[in-house]
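Copied from TrEMBL, the annotated features are:
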{"type": "DOMAIN", "residues": "28-283", "note": "domain 'Protein kinase'"}
{"type": "BINDING", "residues": "Lys61", "note": "ATP binding site"}
Amino acid sequence: DDVPPPPAPFAHRIVTLRSGDVSSQFNLSSKDILGGGKFGEVHTCTEKQTGLKLAAKVIRKQGAKDKEMVLLEIDVMNQLNHRNLIQLYDAIETPREIILFMEFVEGGELFERIIDDDYHLTEVDCMVFVRQICEGIRFMHHMHVLHLDLKPENILCVAATGHMVKIIDFGLARRYNPQEKLKVNFGTPEFLSPEVVNYEQVSYSTDMWSMGVITYMLLSGLSPFLGDNDTETLNNVLAANWYFDEETFESVSDEAKDFVSNLIIKEKSGRMSAGQCLQHPWLNNLAEKAKRCNRRLKSQVLLKKYVMRRRWKKNFIGVCAANRFKKITSSGSLTALGV
Ligand code: ATP
């Protein structure tokens, strides 16, 4: 099934941040946390008047920059009316928080779903996922938006069955004007392009590098640049030090390898655009290929290990932060943090 995902349950809207009383309009479930990130937590929530189920991203206002960042996120999401890109419904500011109400998708993170033992991951599945991600990116780029944080965690499944995915998290996205030299110094090491690591000008092709890394991972379960620590990872990126692991890629088609090879290229201008990706033979004739190829990819086992390691790392960081917080509150000073 390669039908496009359903549009959001509401028409695209232009959202403006407003002050308001959240509890009179929305039932926000404090227990049902969908995920957490640098800026806060994402909860399930229902609009009282309509019963519409939504995802509420609660962002703590800690510094002056936080509101500025959220306003950028809203501005970007207002441009993006596409079924593979998560839609924004409302945005409310309270004295301590800003809450973004978004289309809710219930299938969870793509990588979490495909590591399930009951899931039979084939190369055609990967094509279906990558095609949709490219459709979303093509629209974003057409609207002059760079995502700049494309990674597996930001690809969600629409439902627990089927193959439909949507891109989320426009928290680091930027409007792009090719006349202005945009540089950024954020992102997740494993998925960063050499130009970001070098603090050089970014462009549409910066997202395409990350697309290449995600595709490589889907096909193999390996993260091509991951080192023992962030410095090692960043050095691997800078050297564009990657290869197709012979054993893991043994059963992967040459078309797939060609697709990846045309994205993970150090020189920005050498990378395919999202439109070119959609024209690439690997992402075409899917129905025909589905009839011929039903082999389970080896990548599933390795992806499971990758996801488990990531979960462990996240929990470990969470526990460390909680311990540091305990120390601070018991000592009543910031010295416990070494500040
Ligand atoms: P990070 O620090 O990882 O970049 P963040 O603070 O920017 O995170 P998001 O990535 O937007 O926050 O969301 C965090 C998690 O919440 C996601 O990984 C996902 O699991 C869940 N989530 C976010 N948006 C939705 C949504 N619309 N529907 C369902 N779940 C969602």
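Cβ from N, Cα, C; glycine included.
Unlike curated entries, TrEMBL annotations are predicted automatically.
Long-range Cβ contacts of the residue listed as 'ATP binding site' within its own chain (separation 6+, distance under 8 Å): Lys67, Arg96, Glu97, Ile98. The residue listed as 'ATP binding site' carries neither a helix nor a strand DSSP state and counts as coil.
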